[in-house]
Amino acid sequence: MISLELNFNVLTRDLSHYLENQVKVGLFGSGVGLSLVLGFSAAYACYYLISVAKKPKLVVGGEKFYRFLKEQCPVVSETYYPTFWCWESRVQTLLRPFVTAKPGVTYRNELLRAPDGGQISLDWVDNDESPSYPDTSTRPTVLLLPGLTGTSRESYILHMVQQSRDLGYRCVVFNNRGVSGEKLLTPRTYCAANTEDLEMVIDHIHRLHENAPIMAAGVSMGGMMLANYLGRKGRETCLRGVVVFSAGWDVFECTASLEKPLDRFLFNSYLTSCLQASVDRHRPVFEKLYDIDHVMKAKTIRQFDERFTSIMFGYPTNDDYYRDASPIHRLKSVQVPMLCLNAADDVFSPNHAIPVEAVKQNPNLALLITCHGGHIGFLEGLWPRQSTYMDRVFRQFAKAVVEQGGKLRDL
């Protein structure tokens, strides 16, 4: 910090001297213009380096997991440098889908029939050309869960598929019912609280590849579903490790944050319309059980959940659903190593609702909090098309769990 202050003082002195000399060129001369540009650039650079670029906060419930992350995942100790021209939370969140590239991925689709007669779409990347794991029976498998209205075609999913493929692993994306183009066979979709479909998918993967290690990664609502699953299952799961990105830990707080005027305009209304479009697409399946016209008039996610989601899954009230969907209440029961990445400026998951104290009480949990990054943003570099900070966290943790997972036993 002393070094930064000295450098800032020297820079300020030199700039003042330069400006004094350049002003003589004339108020409207090129010298003043150049001086203002240089002065602003230097001031912005100082502000960025002092106030924006910071090391993430690492909170771990146990010393063993802490040492593992420090040794195997150096990214948790590195300064996160958000893209300097779009480090603000909402800008990161809005630009990520447009700025980041979509790697070319060819999936093999599998439709899995559920006990209630419904079907779940799984998109596989078998990676049969893997030089590191040529034996398909032992090739590590990574299960990926997209966000609220996401599918296997989201850029953040494609990036994780690419990272897994490069490591030699097999990937499978769990698409929630009715979102990826498949026909909805029963009047049921999905929610963060219900983990029956996820449990069935994990059991199915394990039966197919009993000798292969399995880990999972969930994004936003996919991360909430994973955390709730682990909280319910305890040690009764085949997953060796889990990484969760931008999860909402307390649904009441998340919903309240998204109902603030600006965030309602930028995010809430759009997501509500996406949920309504999915319902409308399958209207013939729903209209005998639900008042779809009333659902289509919802203006916020909360209203949509009150009129549709909470009713579908049998909750007496929407508050009961939100309480059950909030992973913060199940963190104490998680018995599998789980790393969680959140940004302190994420309007979907506000900083005051990030479960720091709960994580400290469970040796299987670790929480990585960056000052910036938004919701599933984490853009870094001058032009962040190929990789994000989130991608680096995923790659290092996935590799560590698969190849060094023995060090995480009996946390």
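The backbone N, Cα and C atoms fix where each Cβ goes, glycine too.
Predicted automatically and left uncurated, TrEMBL annotations should be read as such.
For S220, D346, H375, the entry in TrEMBL reads active site, charge relay system. Residues annotated as domain 'AB hydrolase-1' in TrEMBL: 140-381.
In this structure the C-alpha atoms belonging to D346 (active site, charge relay system) and S220 (active site, charge relay system) are separated by 11 Å. For the active-site residues S220, D346, H375, the largest tally of other C-beta atoms within 10 A is found at D346. You'll find the Cα of H375 (active site, charge relay system) roughly 8 Å from the Cα of S220 (active site, charge relay system).
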